[in-house]
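Peer 1: Before anything else, here's the structure in question.
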Ligand code: GDP
Ligand code: MN
């Protein structure tokens, strides 16, 4: 589960990692009531990176400017995500930008640590263009991540003096966040050298977590009762969830329904293989009833731009006759191709055929057929 920047920073603050204090707003007018000293930074809260480049992060030196930026950012789309919330904070005076992250290193079967003096830009980009600017290591889970290890890492980034001490404090605290919160990733990009606010300028430059990205292990969410519920579902996804269907919107025009996550994924691949563009993933689950099937069809065809529907059912505990009744009841408004096989197949097939619907046995044939229908309709 991904956390929003403001949520990740609340977490960081609990572990004494320095962050800016911000205010979360949802409407541009709320800027007026904010008791912070200008210049401010306004930051779109969406669960994708690269907000700065997309225009989702702006500095404002006056209330007018802040309001204008807030109005522009709230409601904008960043990589397909609509901005519903903004964080407003006192802008930090940023000097150098570093990168620091802990993430699961699967081949090493432990947490890995990645740090770079080339922060503020995508680490993938740094890895491509200047891989020697990245320092890496892994953490022995039994030994932990100790200050001397953080110090070695910090020195490799060229840090010294009080900034090196800051780095040690931030890095060891970030590792504690990982372990205590069951995080798969904690990333600070940029971890910035700040000469003034939010710190006391007289104290010299210090490190500040200007950005915060945290992904928690879904399997461990139950262990952390205080966590936010952060799945940003689309309207259709929420409707499907309420019906107990697992549905994910995609950006194509060919709706897909199947039973079992593996079968649905394979169906998406087949459709893509034949040149179609899946509009969604929908798994009606095991033992789906007539009503589940009907609801599933009604949900997938509600997505704007859907021009075809492929239903791929392999009856096990799910019965083909139940499914067939749901298909007939729902009356798909778009071209539909059905593949049906397994438990009570003959009965299911009879029900479909009496409604004038042919059922395929071979899923590939069905996928090819529906892709052709949609292409033909275009
Ligand atoms: P991202 O684009 O989604 O990674 O968002 P970030 O929070 O990393 O912000 C992108 C960039 O905006 C940073 O690398 C900074 O250069 C700049 N930025 C963000 N917050 C501040 C701030 O408080 N003060 C200043 N001067 N720049 C900021
Ligand atoms: Mn960033």
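Each position is counted from 1, following the chain as shown.
A Cβ is built for glycine as well, from the same backbone N, Cα and C atoms used for every other residue.
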Peer 1: Given that TrEMBL annotates 316, 317, 318 as substrate-binding, name the residue from 259, 280, 344 that shares the site.
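Peer 2: Candidate listed by TrEMBL for the same site: 259.
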Peer 1: Counting Cβ atoms within 10 Å of each candidate's own Cβ, which of the binding-site residues 97, 211 comes out highest?
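Peer 2: That would be 211, with the most Cβ atoms nearby.
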Peer 1: For the binding-site residues 52, 259, 316, 317, 318, which sit with their CB under 6 angstroms from an atom of ligand 1?
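Peer 2: List returned for ligand 1: 52.
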Peer 1: Reduce the DSSP letter at residue 316 (substrate binding site) to three states and note it down.
Peer 2: coil
Peer 1: Compare the Cα of residue 317 (substrate binding site) against each of the binding-site residues 43, 50, 92, 97, 189 and report the nearest.
Peer 2: 50
Peer 1: Restricting to the domain 'ATP-grasp' (9-216), report the mean pLDDT as a whole number.
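Peer 2: That stretch averages a pLDDT of 95.
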Peer 1: Using the alpha carbons only, what distance in Å do you get between residue 97 (ATP binding site) and residue 259 (substrate binding site) once rounded?
Peer 2: 48
